[in-house]
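S.K.: Before I ask anything, here is the structure I am working with.
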Amino acid sequence: MATMVPSVLWPRACWTLLVCCLLTPGVQGQEFLLRVEPQNPVLSAGGSLFVNCSTDCPSSEKIALETSLSKELVASGMGWAAFNLSNVTGNSRILCSVYCNGSQITGSSNITVYRLPERVELAPLPPWQPVGQNFTLRCQVEDGSPRTSLTVVLLRWEEELSRQPAVEEPAEVTATVLASRDDHGAPFSCRTELDMQPQGLGLFVNTSAPRQLRTFVLPVTPPRLVAPRFLEVETSWPVDCTLDGLFPASEAQVYLALGDQMLNATVMNHGDTLTATATATARADQEGAREIVCNVTLGGERREARENLTVFSFLGPIVNLSEPTAHEGSTVTVSCMAGARVQVTLDGVPAAAPGQPAQLQLNATESDDGRSFFCSATLEVDGEFLHRNSSVQLRVLYGPKIDRATCPQHLKWKDKTRHVLQCQARGNPYPELRCLKEGSSREVPVGIPFFVNVTHNGTYQCQASSSRGKYTLVVVMDIEAGSSHFVPVFVAVLLTLGVVTIVLALMYVFREHQRSGSYHVREESTYLPLTSMQPTEAMGEEPSRAE
């Protein structure tokens with residue numbers, strides 16, 4: 001029965017010595033051969049191998065197999081023996097021997113073991129790589145044999161960047177790559193190729209997990225920051241921050257702040273340009289000198305811009321009246337005030353000092369009704385003067401009045417003509433104006449055209465009335481009638497025209513009758529007298545004669 005000989009009991013040097021001792025000079029004169037099959041086999045690490053040793057020597061003794069590997073005699077017979085080698089983990093040489101006619105015959109075979117790498121790993125890439133700068137790809141390979149057939153390939157996508165043999169254990173292969181924009185988001189990996197095709201086994205490939213590279217471009221120039229120089233408390237103003245030449249702009253981070261107050265920015269990018277917009281609102285506790293800050297961060301690098309800003313408080317001006325609606329003759333006080341450090345001027349009269357109010361007093365009169373009082377305020381902020389204005393209007397209550405200049409007291413108009421009674425009343429509250437004829441309730445319209453006749457002749461009481469009292473003005477209307485002989489003359493003319501018309505009509509009728517009568521011609525006469533047969537002959541009228 002075959003015995004299992006652990007390889008740990010026989011160091012490699014001892015087995016080499018044993019093989020050398022077995023190769024005695026008598027071997028060269030041997031007439032018979034000892035065959036070992038298979039010859040020079042190749043198998044994967046950890047596999048098993050069936051080995052057959054045979055000889056044609058007719059008087060051979062027991063065949064032995066010498067190896068550092070675990071072995072087991074499977075079967076044997078005259079001139080042959082079969083062994084099973086298990087857990088073959090490394091390259092080895094096996095030796096079969098037998099005694100034939102007192103001489104030792106040997107045969108050998110070399111076992112080649114191939115092993116895929118246990119670890120193929122691409123070293124981590126930089127979190128961000130500047131475009132235009134070199135970076136190193138580093139691949140580490142542990143185990144794998146035979147090394148003469150093992151190659152390490154560095155890849156970008158499927159593009160080969162470097163191909164090198166794996167030499168050391170562990171093997172480390174590197175390649176230098178110039179970063180470009182096209183490399184942003186590209187996967188890099190490491191691949192090992194164990195080429196066992198010459199042994200008829202094929203090409204064994206093992207690939208590492210890919211690592212993604214992020215490249216960036218960040219210009220050295222700071223962002224352009226557009227912000228106000230001054231900002232009033234409780235007011236808002238837009239702030240813009242722009243940076244050009246940024247890649248990839250979509251992955252940049254923007255920080256906008258007013259002092260220690262972070263602003264809610266809206267970030268937009270177009271190509272390689274990034275723009276952040278926010279609204280800055282000043283608080284009361286921020287009054288004074290502050291800074292607007294814009295930070296753009298990409299690839300672990302930062303570009304920053306700062307602008308000075310002054311937060312100020314500008315209260316007023318506030319204009320007050322002691323009586324917004326005053327009675328005529330009363331005293332009214334007008335005052336104007338504003339915040340600290342503000343200089344106010346009321347109707348051209350400045351206050352004593354900044355922060356102090358300005359005042360004036362007046363006795364309210366009719367002319368003050370509707371009067372406006374103006375107050376201007378000036379505040380100096382960081383060398384600049386800011387101005388604001390405010391006003392207030394005074395209302396004065398006074399009794400009704402009629403303007404004599406626009407309401408003539410004596411009017412001369414002609415009968416049957418159109419005229420307008422131009423009278424105007426004033427007062428606060430605005431009065432009602434009516435013009436009534438004395439002795440009657442007849443009212444004439446005021447400010448409206450009307451047809452004048454002789455009945456409007458007389459004296460009128462024009463009265464303006466309101467809750468403040470009444471005011472009356474006497475207006476006399478003198479209506480001139482037409483000439484007194486006009487009617488008789490007109491009647492006479494009509495009668496004359498009538499008589500003339502009748503006479504002409506009678507003459508026309510008489511002449512027509514004469515033309516229609518009978519006439520007799522007298523022969524003895526050399527002329528033809530015409531004798532009318534009309535009844536006029538019977539009346540004895542004689543023809544007129546010229547004297």
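Even glycines carry a Cβ here, placed using N, Cα and C.
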S.K.: According to the record in Swiss-Prot, which candidate from CYS57, CYS96, CYS190 pairs with CYS139 in a disulphide?
M.R.: CYS190
S.K.: Per Swiss-Prot, which of CYS241, CYS336 is disulfide-bonded to CYS294?
M.R.: CYS241
S.K.: If you pull up Swiss-Prot, which of CYS14, CYS100, CYS336 shows a disulphide to CYS57?
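M.R.: Here Swiss-Prot pairs CYS57 in a disulfide with CYS100.
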S.K.: Near CYS294 (disulfide bond), how many other Cβ atoms are within 10 Å of its Cβ?
M.R.: 28
S.K.: Sort the recorded positions ASN110, CYS336, ASN453 by C-alpha distance from CYS53 (disulfide bond) and give me just the closest.
M.R.: ASN110
S.K.: So how many other Cβ atoms are close to CYS336 (disulfide bond), meaning within 10 Å of its Cβ?
M.R.: 27
S.K.: In the three-state scheme derived from DSSP, which category covers ASN453 (N-linked glycosylation site)?
M.R.: coil
S.K.: Report, as a single number, how many Cβ atoms besides its own are within 10 Å of the Cβ of ASN363 (N-linked glycosylation site).
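M.R.: 11, counting other Cβ atoms within 10 Å of ASN363 (N-linked glycosylation site).
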S.K.: How would DSSP class CYS57 (disulfide bond) in three states?
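M.R.: Going by the DSSP assignment, CYS57 (disulfide bond) belongs to neither helix nor strand, so it counts as coil.
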